[in-house]
Amino acid sequence: MFLLLPFALSLLSWPLGVVGKNDCQPTTWPDPPERRHASRNVDMSKAAMPRHIASREESTPQPGDINCRGWGRTYDDAGYYTCTELSYNWGISLAWFFQTNPTLLPDCSNIEPNTFYCVEAFIEPVRSANGSCGPQYNYASCAGRSDGAQCCNAETWTCGATVADCARGTCYEGACDGDKVYSTDGTCGSAHGNRQCAGKWGDCCSVDGQCGSGPSFCAEDVCQSGNCDWPWLLRTTSVGPSSVSSTTGPATSSTTGSTTSSTATSTATSTATSIATSIATSASTSTTTSILPIPTPTDNCSGGSGPGGLSGLCSFSCSYGYCPSPCTCTPGTPGTPPPLSGDRGFALLDLRDQEGFDTLCDFTCSHGYCEPQVCTKVPYSTVETPGTVCVQGSGEGAQAGLCSFCCRFGYCPPGPCTCTLYGQQIDPPPQTGTPGVPAPGNDDSYLGLCSYSCNHGYCPDGACIVS
């Protein structure tokens, strides 16, 4: 018995491999994930490679570090399924979750209850210190500059904050979609990372992978993507979320913690706040989708038109004899509708209560033409089904606005929030590069909500501050 005592004491002195509540442990990574808002042309042999995770206390992560900016806490019943649950709730891959939490075993068997784990991280870029940015300056990033110049202008390779600096087709990275989405060198399409054309480059991508405007780039036989003159594509006016005045909607963005771009970030914040106010209104009327019979053509119309986002839907459906209000019929002999595609159509969440959208989306989508700006093929339900994510949720007290905003875009953490409606994934506002943390006096249940919402432009006073 006495011989066993020293051995037992030595076991107790061994360090436990558990992530602490306030730390993400340092480690070395073989391969980094794709950098957010970085150009697809980044030469990773020259870019800084990630080395370790910046802990919650570390205020100055170094270029190449895995910078952990969001933490999620496990519940009392944490088990082998919790790793998958955390990665799913945060919209990250399971592999990336394990990379950012290296003490966890691959089967998640050693995850601890009531413990914080890293759930949102990025590769710390080289920060521009002198206002120069982009590939010519070691891929220095403008994001997070204290002077507010957070857009890297691809014409001057300097950081700026004007509308021109942050414009699509000009902004290389920072507080914009960046070169990853919109070409800044005039190349585009499948051979160039599926980048789109915008701004000074024109709005069409030719089959040769060059941006431009006019028949040489937009004609039916030469256009690859963009504003192509395809006869079968009946374009409509793009319809965004309704802007509804509300005295109960979320507050405006907080600027505590760091100064952001006066142009790009304020635009993202305005967009996020407008979306948040419309969420409060649509939430009171959204219900599970009812599957009704596909509308039957009964009108003597050879064509038609409609207002705003109904333009393309009315043009298509009226030409085949289905022309409900508020479409305007062009009298004539209707054509024979295309064969049924096997799909059903539904109006997007913010359009479900507007006249005409639901039935027109059903008719057009079921016959092979589904306008993505206004229609979806995924029905809404109060129960999660394959292919759906949370699109509407609620919370209590000061977390009500945060839950409404975050649940809208698929991030609806159980506990503080309750998902009330599932449907097709809705794209969130652009990331601002400024994740938030709970405001003083708020507990850790605000961690994920503040990190996600502030990083997408909505940071309500009293609930969150910018980290």
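Glycine is no exception: its Cβ is also placed from the backbone N, Cα and C atoms.
According to TrEMBL, the protein has these features:
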type	residues	note
SIGNAL	1-20	signal peptide
DOMAIN	185-230	domain 'Chitin-binding type-1'
DISULFID	CYS204-CYS218	disulfide bond
REGION	239-267	region 'Disordered'
CB within-chain contacts under 8 A for CYS218 (disulfide bond), separation at least 6: ASP203, CYS204, GLY212, GLY226, ASN227, CYS228, ASP229
Mean predicted confidence [pLDDT] for the domain 'Chitin-binding type-1' (185-230): 86
Cβ neighbour count within 10 Å of CYS204 (disulfide bond): 26
